[in-house]
Amino acid sequence: MKLCVTVLSLLVLMAAFCSPALSAPMGSDPPTACCFSYTLRKIPRNFVNDYFETSSLCSQPAVVFQTKKGRQVCANPSEPWVQEYVDDLELN
């Protein structure tokens with residue numbers, strides 16, 4: 001009886017610590033960041049220190065700028081100022 005309780009306890013603990021991502025098929029995770037609207041104003045270039053592009057799985061393309069204060073701002077990738085910031089960040 002003690003053996004059954006011990007084995008059952010171990011199985012429950014193992015199930016609790018298993019990550020669901022390990023059992024999911026590759027590529028089934030949803031995108032981590034999508035933008036549903038863009039900023040209406042051009043943000044000052046000196047506020048921005050990094051950027052990334054949203055996943056192609058998102059409903060609309062976007063560039064997400066990371067500010068020095070840690071905020072994320074969604075921007076329209078077809079805007080000239082957004083392309084200029086991306087080019088500048090790539091060079092630096």
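Cβ coordinates come from backbone N, Cα and C, glycine included.
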*Per Swiss-Prot, which of Cys4, Cys74 is disulfide-bonded to Cys35?*
Cys74
_Disulfide-linked residue for Cys34, taking Swiss-Prot as the record, within Cys4, Cys58_ = Cys58
*How many neighbouring Cβ atoms, not counting its own, are there within 10 Å of the Cβ of Cys74 (disulfide bond)?*
18
*Rounded to a whole number, how many Å is the Cα of Cys34 (disulfide bond) away from the Cα of Cys74 (disulfide bond)?*
9
*Quick one: Cα separation, Cys74 (disulfide bond) versus Cys58 (disulfide bond), in Å?*
13
